[in-house]
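Asks: The following feature annotations were taken from Swiss-Prot:
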type	residues	note
SIGNAL	1-39	signal peptide
ACT_SITE	Ser102	active site, acyl-ester intermediate
ACT_SITE	Tyr188	active site, proton acceptor
BINDING	Lys353, Thr354, Gly355	substrate binding site
Amino acid sequence: MKLFTSTLTAKKSSTHKPLISLALSVLISTLLISETAQAADANDRLEQEVDKQAKQLMAQYQIPGMAFGIIVDGKSHFYNYGLADKQRNQPVSEDTIFELGSVSKTFAATLASYSELNGTLSLDDTADKYIPYLKNSAIGNTKLISLVTYSAGGYHYRCLKTLENNKELLQYYKSWHPDFPVNSKRLYSNASIGLFGYISALSMHSDYTKLIENTVLPSLKMTNTFVDVPANKMEDYAFGYNAAGEPIRVNPGMLDAEAYGIKSTSADMTRFMAANMGLVTVDSQMQQALDNNRKGYYRTKSFTQGLAWEMYPLPTTLQQLVEGNSTETILQPQPIQLNEPPTPVLNDVWVNKTGATNGFGAYIAYMPAKKTGMFILANKNYPNTERVKAAYTILDSVMNN
């Protein structure tokens, strides 16, 4: 009986093994097909929504060309539209160089964070430590952290436009007096973070442009990003277009490199976005510098202020993002509540920054916790709120389906 039972068991086992293997194979194949189909559907939805938003924006604001770099769950996608140069009929590509405008400020913050990690700078230092000429002045007594977070007491947004040389620049800072107490309000300003970037370079005993182009960008492997576009890359440098449709590029100005002077491509800026989310390998100290930029120093009614970045706790709403990127928020003083001490590095947030020159408009937004974000480049300046709406709609189309 034992042998018979054993024989029956063996036969039963040999009968079921192929059936189980077949069932598993069918199940795995079905899951793979389903996953592939879902990924294809998601890619289709993404492309359709980007197409829709790009066509609407280009038609409404007469934008000649746009480039989108998008990361969804760690995977990069690129979409290009229109012309980089209307006269030459040159199409936009991932290698087209656009002006970033104030998105450049995120590189100034990165250099400073890197300098702090090297021990050459502290955000609690005052400006006069690096520029002795500013001793016994309001700005000289101001901490660097207040400069980079626009909370020093009120620099007007475009005050640098009237200055023509370093002598006039230092005289302006020396004679400046705050409009309101330090750390009481936020007033966005090129003069504030521009000086901060300038001091960051002084702390490392070098020139700002050289440090960005020879230290920061190579560390991030951003090979087509520049302060000064070299001669052999001018063919890839798009023309911007003003309200009259005339081709223009950014003019030199005081502290332009620090505040608004960097040019880049959608491929490079998507890599920059990926590095900020820890999705690509970069030098460990540079990675820590990128992460440290997302500490929260104070709160406005709309967002938490990091180093150059504005951060919105998830889940956020389109209304919050539009409010935080509105003209009023940029140009008018906003009451703040200090975080003492600053928050740890924030990941479960919508991180963003707008940027523009007279002929270009840019927007970057990413969510480290979701490994998702996007960059929009255009060779015409158009409203910040429209960039925000487009980005939110595009990312929502793939994340909530």
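Placed from the backbone N, Cα and C atoms, the Cβ positions cover glycine too.
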Asks: Spatially, which candidate from the recorded positions Tyr188, Lys353, Thr354, Gly355 is nearest to Ser102 (active site, acyl-ester intermediate), comparing Cα atoms?
Replies: Gly355
Asks: What is the interatomic distance between the Cα atoms of Gly355 (substrate binding site) and Tyr188 (active site, proton acceptor), given in whole Å?
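Replies: So the alpha carbons of Gly355 (substrate binding site) and Tyr188 (active site, proton acceptor) sit roughly 12 Å from each other.
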Asks: For Lys353 (substrate binding site), list the number of other Cβ atoms lying within 10 Å of its Cβ atom.
Replies: 22
Asks: What is the separation, in Å, between the Cα atoms of Thr354 (substrate binding site) and Tyr188 (active site, proton acceptor)?
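Replies: Approximately 12 Å lies between the Cα of Thr354 (substrate binding site) and that of Tyr188 (active site, proton acceptor).
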Asks: Where does Lys353 (substrate binding site) sit in DSSP terms: helix, strand, or coil?
Replies: strand
Asks: In Å, rounded, how far does the Cα of the residue listed as 'active site, proton acceptor' sit from the Cα of Lys353 (substrate binding site)?
Replies: 12
Asks: Run through the Cβ atoms and count how many others sit within 10 Å of the one on Tyr188 (active site, proton acceptor).
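Replies: Total other Cβ atoms inside 10 Å, all chains included: 19.
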